[in-house]
Amino acid sequence: MTSSSTSSSAVRSSAKHAAERIQQHLPPSNPASLSSSSLNLPSKTSIAASINHSPRPKERPSSTASSVSAASPSTRRSGTPVHRSQSKDFDEDNDPGRVRVSVRVRPRNGEELKSDADFADLVELQPEIKRLKLRKNNWNSESYRFDEVFTDTASQKRVYEGVAKPVVEGVLSGYNGTIMAYGQTGTGKTYTVGKIGKDDAAERGIMVRALEDILASASSASSVSVEISYLQLYMETIQDLLAPEKSNISINEDGKTGEVSVPGATVVNIQDLDHFFQVLQVGETNRHAANTKMNTESSRSHAILTVYVRRAMNEKAETGTKSPKPESLGDKGIPRVRKSKLLIVDLAGSERINKSGTDGHLIEEAKFINLSLTSLGKCINALAEGSSHIPTRDSKLTRLLRDSFGGSARTSLIITIGPSARYHAETTSTIMFGQRQQQLESSAYKEKLADASKVYEKKIADLVQRVEDEQARSTNAEHQLNEMKNILSNQQKSIHDQEMGNYQYQRELAEATYTYESKIAELQKKLEDEHARSNSAEEQLRQMKSIISDRQVLSQENEETNELKKKLEELSQMYESTVDELQTVKLDYDDLLHQKEKLGEEVRDMKERLLLEEKQRKQMESELSKLKKNLRESETVVEDKRVKEDLPKGPSESGALPGSQRSHGLKKSLSGQRATMARLCEEGMILSREFSLILFWGNPIDIFVSTSVSVGVQKILHLIKSEDLEVQIQAVKVVANLAAEESNQVKIVEEGGVEALLTLVQSSQNSTILRVASGAIANLAMNEKSQDLIMNKGGAQLLAKMVTKTDDPQTLRMVAGALANLCGNEKFLKLLKEEEGIKGLLTMAQSGNIDIIAQVARGMANFAKCETREIMQGRRKGRSLLLEEGALEWLTSNSHIESASTQRHIELALCHLAQNEANAIDFKRTGSVTEIVRISVESSRDDIRSLAKKILRSNPQFSS
Ligand code: ADP
Ligand code: MG
């Protein structure tokens, strides 16, 4: 049930009565407020004092309509003109005194958007039918009618047009008017009414828009003045917002005319909209400042903007127009003034203020605010009821409004609500505030309601008729049913009779049944057979499926096979590269074998030389013994002679015979030689013998031998440092022989042999020593451990220097061999180059000696192989170090050399270098690509040919 329907018939009749009365008392075409004063508009400063509103009694005039047209001020009421303004809404109701009520919902703010989803559940806006549905409790909701329902998307312009424009038009036509905003704080009263929107015209509120319209109308007629005052009403005290120092302004009511004025208030004549913006802004600022000073909020005070419109009326001009007639006529042609005013009120927040606070100020404040709003409500109520007494005296707010609402004045109330379930209670009370006079007032609505009731009553009557019809039909049906029942029982009886007669048939039936049953059994058997068949078919199907799935597995396996194939391909690629490497290793191995053979030859040479030397030594020994024998003999002869000549026995201190002296020196020197030789023989012989043993046995893992060697090596190395050149030479030779055997190399290195040999090479000028020592170093350079030592001790540099120190081909061959061995260790590539080992090798190659060149080629191959391996494994990149020394040119120009093994080394070196793409430019520059092509065809070795072919295939720079 809607609240509107609660209105009793008594209320309805009273509203109707009020409406009638208002119509009876419609005044004739009297202007709103005309004074006979001339249109000398006051200056801004004197404006407040000079404003003189025409009398406008609030009370209904006691005189009849016709008497209103009389000039008596006491019977004048503010304009309820004969002609109606264009605002059809007010016309429709034919009741200017009715308070127009609209409702507006504020858009949700951020917080409400986030947390408040229930609002739609509580309030439902129906703008098309101008209704608002409010949920009362869990079970029902009520629907209220408004003049306008604005949703949260309604623009300021639409609100102005729906709420304020009719009132503004009334004011321009000479009637007073009031526009008020009522609602809980924060729901948009100030936004709706007072928003300035100086820069954004769309945002402007009612005050600004009203002034725009009024000023526009004023500009079209020069005789119009527009003035404003802006007041604040707080705790029943009026403050002037345009002159804050005026803090207790009193209200003046003309006893005769009922006109309300505020003589103390500042009145400002408004020139244009910009001027109004300024004044309004001042007012806003003062309102804010005043509230701060009073320690309150603007929501607790009412802001009242009054717009005074005065229009000079020329009687002549007025004749024939539909404008309200000037009521006071002066002499002909003297202009009269028609005055009207518009009050725009931003009411205090409607929320109930807690009166139980302990703060006395708050209690007072609550009392006053509640008072003014309550009193406003009462006035609206009385107005709606058409009561003869409007209780405006109760508060200052209603006193101020007295001549501007009800009667001929137009009043519009906009109530604002917030879109949140939280405000439910306040929203409800706000809506009830706006609604109570709405429902009381709306006779048209009530008529509609009555019409609707009639419609429904008719519908109900129809329904009742239909129910009655239905009842008649059902009685009829019942009757028919009984008849049917009778027929049925009769038929049952006859069936029973027939059953008795059916016995024979039953027998026949039994027979037939038997026949059919046996047929069924047969069929069942068949069915079973079929079942079995189908089972076997199923079984077959299953097998097929499993075959298929096997196939699938197979195909999966196929995929796996493919994968395996791929892997296999990868593996075979790997295999190929391994084979390549293997070939390289094989080449190395061959090389080593070759070297071993050569070394074997050298060792044999050495052995022969040793045997020769031993033979010489034996000869020397025998000569020595002969010499000894001769000596003894000559001594005996001398002794005999002395005995014979009776000479003293020993040599005298003072003078010995020269012959005897000579023989004594000789003796001494001989004995020194003897000692050296004896020592040398003793040690050298042992070592040489042991060395021979090692050579013959090939695999000399013999404790005796190795122990002897270890003892011997120490001694021999000691002898290397001897100052006796012969001893040094012999010692170096022994060391060289020992170093030829791998098993001795470690021992020699451990005993400091490398250092001793390097020192020798550095310091000695003797060519034999240099040659033999170089050979020893070359042998030791085959051992990795000694390679480390050689390089660490600056061996590469020393060896390279030998190039300048000697031109003995034998020595140089040894040096080249040593360097070539060092080239086979990837650790030393950079160091070898830096210490000029490569340069040394290439210099030696200029000698033209075939043996030296063989070593150089071997060194190049070793170096290139190590370097390329490093590059392939990503440990090094860039152009080969060999190229900087001109190795490529040398290799290319010597690749046709006669010696097969040297050529092989050169070819290998070229192929290794060609594998490094960073060398490609050099290959092109030196024409070495042609050489690779030649090798791929002509090389005597299969493996080298295939290596060259592979390079040509894989390196795009070479294939072009
Ligand atoms: P009140 O005067 O009733 O206390 P305000 O007018 O100050 O409320 O409005 C509270 C806030 O909501 C203000 O920030 C105002 O700008 C905003 N607001 C109110 N109504 C609207 C609207 N229709 N559209 C946009 N913002 C609004
Ligand atoms: Mg406000």
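Cβ atoms are placed via backbone N, Cα and C, with glycine included.
Owing to the predicted nature of the structure, the values given are computational and were not obtained by experimental measurement.
Take the CB of Lys189 (ATP binding site) and look out to 10 A: across all protein chains shown you find 28 other CB atoms. The secondary structure of Lys189 (ATP binding site), as reduced to three states from DSSP, is helical. The ATP binding site annotation in TrEMBL covers Gly183, Gln184, Thr185, Gly186, Thr187, Gly188, Lys189, Thr190.
If you look up TrEMBL, you'll see 446-487 marked as coiled coil.
Summarising the annotation, TrEMBL assigns compositional bias 'Low complexity' to 1-13 (among others).
Positions annotated as compositional bias 'Low complexity' by TrEMBL: 31-43 (among others).
The compositional bias 'Polar residues' annotation in TrEMBL covers 44-53.
The compositional bias 'Low complexity' annotation in TrEMBL covers 62-78 (among others).
If you look up TrEMBL, you'll see 635-648 marked as compositional bias 'Basic and acidic residues'.
Averaged over the domain 'Kinesin motor' (98-440), the predicted model reaches a pLDDT of 85. Marked as domain 'Kinesin motor' by TrEMBL: 98-440.
According to TrEMBL, the region 'Disordered' annotation covers 1-106 (among others).
The region 'Disordered' annotation in TrEMBL covers 635-670 (among others).
Taken from TrEMBL, the feature repeat 'ARM' covers 711-753 (among others).
Residues or ranges marked as repeat 'ARM' in TrEMBL: 752-795 (among others).
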(message) Less than 6 Å between Cβ and the nearest atom of ligand 1 is the rule; apply it to the binding-site residues Gln184, Gly186, Lys189.
(response) Gly186, Lys189
(request) Just name the most isolated of the binding-site residues Gly183, Gly186, Gly188, going by other Cβ atoms within 10 Å of its Cβ. (result) Gly186
(request) With DSSP as the yardstick, break the repeat 'ARM' (711-753) down into helix, strand and coil residue counts. (result) 35 helix, 0 strand, 8 coil
(request) Among the binding-site residues Gln184, Thr187, Gly188, name every one whose Cβ is found under 6 angstroms from ligand 2, counting any of its atoms. (result) none
(request) State the count of C-beta atoms found within 10 angstroms of the C-beta of Thr185 (ATP binding site), not counting that atom itself. (result) 17
(message) Can you give me the residues near the recorded ATP site, meaning same chain, not Gly183, Gln184, Thr185, Gly186, Thr187, Gly188, Lys189, Thr190 themselves, Cβ no more than 8 Å from the center of the site's Cβ atoms?
(response) Arg106, Ala181, Tyr191, Ser299, Gly349, Thr416, Gly418
(message) Please identify which of Gln184, Thr187, Thr190 has the densest Cβ environment, defined as other Cβ atoms within 10 Å, among these binding-site residues.
(response) Thr187
